[in-house]
C-alpha cells in the first residue's frame, strides 16, 4: 500500500523528483565515468609496461663494454642489464622528419609491441618502425627505407610496425607540446647486423636495467661499477613519457572528484527541500497512518524510500552508463597525445561505496523531513500545523524599508522565509557559472600558450637541428650569416641541496629570435654573468634570485656553479638558460646543436642537417589539439546548462506552488500578468547575480586547480579573457531569464477559486 502511495506522490511531484533524478544521475555518471577513464588509463599503461618489460632504470653514458654490463649484473638487486645505442637519424627524402634510431644488442628489456608484420628478434635483419609515424608518412611493411645517419645513407626493409613503452608520449624535443607523428618517429635495428660502412662506431650509450632497488641504491651501485666514467641515472618514473602520462592520469582522477560535487550536492539539498514540503503537506496523512497503528519506523522508512528509490535508480543508471560512454569520449581525445595498443575503461570497485553513500544521503534527507512531523501523538499530528509566528526582521524595522517598492519588499520577505530554497538556487548558479567559466578558461589558457610560446618568446620561423657529422668548415660558413641565432640544447644534472635533478640547459647565442619574460610577463634579458632559471623549477625547489646552482652536462665530470640572476617563465620548456657571454665567463664554449632563422623550411636541405623544424607545424598541431579539446569544453558547458536549467526550473516550480495563494491574492487585488511575471523574475535575477558573483572566482579557482595536474614540464597560468567572462555571465543570466519565462506562463493557469478556497 505504502509503495503505491509513494508512486502516486512521485507522479504528483514529478518535476521535483525528476530534477533529483537528473542531478543524481549526472553526478554519478561523471564520477564513475571519470573514474573509469583515470583507472582505465592507469591499468592500460601498466599492462603495456608489463607486457613489454619496461626498464626500471636507464643509465646514460658512452662506450659501455660487456665487462661493465657483467659487473653490473652481479650487483645485488640488479636482475638484468641490456646495452643500447640511441642516435638521431632522418629519412633521406624528408627534410622535416627525424627518427630516433635504437640499435639493440638483445631483446629482453623494453620489448616492442607488434602492430603489424614480424616480431623484432636480434637475429633478424631489417628495421622496425613505429606505427604512427609509418601511417602519417605512408610507409608499409615490406617497403625499403633509406635513412641518413650522421651523413651516411643506409637502406633497410621494414619488417614490422611497432609501439614501444618509452614512446607513449613521443616528442621530438622540449620545444614541442603535442606529439607530431608526421615529423618524429622511432625505429629499432639489431646490433648483429651493424656494418662498419655506416660511418660510425657501435658505441653503446645506454644501459637498460631491471631492478627492484630505489634510486639512491642504484645510484650507489652505478658509482661503484663506473668510478671513472661519467654516467647519468634516470629512473622509470622520471622518464619524460612515463611522467607525462602519469600526470594525465592524475588529472583525470582529480576531475572525477571536482565536477560531480555540484550535482550531488544539489541533488541532496533538493531532496531535502522536496521531502520537507511533501511531509509538511501530508501531515494529516502521517497522523492517520500513525493512528491506525503504523509504527514510527515504518512511516519514516516510507518517506526515506522516496529518496532511496530515486537515488538508487539514478545512481545505478549513472553507474552503468558513465563507465561506458565517458571513456570512449575521453580516450578519443587522449589518443591525440598518447600511443597505447589498448584503451580500456576500468572502474575501481571501491567506487560502489561512494555510490551507496550518495543513495544513503538522499534517504537521510527524507528521514530528517519526516522525523520532524512525527514529533507528538497522533491526535496532535492530525491537527493542522500552526503557522509560524510572523515577526519583523531588523531589515523591515529599518528607516529605509518603507522607501522600497512593494515588489522589492515582497521578494525580500520571501527570500528570508525560504532561506534553504534560496541557498540551493544560488549553489546551482555557482556550479553553472563555475563550469562554464572553467570551460572557456581552458580554451583561453591553451590559446595563451600558443601566443606566449610561439609569438612572444620564440619568434623564429624555422629551427634547424645540426647533425653530429657537421664539419667545422660548415659551421664556420653558417656562422658568417648574421641572421642565424645559434643555440646549444643539452641535458644536464642539477644539484639542488644534494638532490640530483635532471633538466635541460639552453645556451643562447646572439640573436633576436628568443625573447624571455619574467613571471609577471615583462621582457627580460639573459644576464651577462650567472644564469636564468625557469619559474617552474624555482617553485618546485624553492629557488630564488641570488641562490647558487650547481650543474653539469650529461657525460661530463666537472660541476659548474652559477648564481641565479633572473627567474624567467616559459610555459612549455623548463630548465636553465644562459647567454653565450655568461657561458664563456664560466670557461665553457658554446657548441651549437641548432640555429634559428626566419627563413622558410624550403631554404634548407636535410642532407646538411639532422632535421628542419617549422614553427608553423608546431602551431598547427596546437590548433589540432584545440579542435579536439572543444569536445571536452562542450561537455563542460552542456553539464553547466543542465545543472542551471534543472535547479532553476525545479526550485521555480517549488516556489510557485508555495506562493500560489499569495499570487492569486495579488491577481484579485488587480495585479496584471506582466506585473506578476516581473515580480517572479526579480527574485530569480537577484539569486542569479549572487551565484554569478561567487561563481566567477569559483571558475578561476577550478581552472587553476585543473592546471596543477599538467605536470612539471609545463608552467601554465590560468587565463580567462574578458570575452569569456562576458559570454559566461550573459549566458548564465540568459539561461535564468529563459527558465523564468517558461515558469511565469503558469500564472495564466492558476485556478483562482480553488487556490483561495484551500485557505479555508
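Glycine too: its Cβ is placed from the backbone N, Cα and C atoms.
Record features, source TrEMBL:
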| type | residues | note |
| --- | --- | --- |
| TRANSMEM | 12-34 | transmembrane segment |
| TRANSMEM | 258-279 | transmembrane segment |
| DOMAIN | 258-372 | domain 'ABC3 transporter permease C-terminal' |
| TRANSMEM | 300-326 | transmembrane segment |
| TRANSMEM | 351-371 | transmembrane segment |
| TRANSMEM | 423-442 | transmembrane segment |
| TRANSMEM | 631-651 | transmembrane segment |
| DOMAIN | 635-751 | domain 'ABC3 transporter permease C-terminal' |
| TRANSMEM | 685-703 | transmembrane segment |
| TRANSMEM | 723-743 | transmembrane segment |
Range from 12-34, 300-326, 351-371, 631-651, 723-743 with most C-beta pairs under 8 A to the transmembrane segment (423-442): 631-651
Secondary structure composition of the domain 'ABC3 transporter permease C-terminal' (635-751) [DSSP: H/G/I, E/B, coil]: 99 helix, 0 strand, 18 coil
Mean predicted confidence [pLDDT] for the domain 'ABC3 transporter permease C-terminal' (258-372): 84
Stretch in 300-326, 351-371, 631-651, 685-703, 723-743 most in contact with the transmembrane segment (258-279), if contact is a CB pair under 8 A: 351-371
Contact call for the transmembrane segment (351-371) and the transmembrane segment (300-326): at least 3 Cβ pairs under 8 Å, seq gap 6+: yes
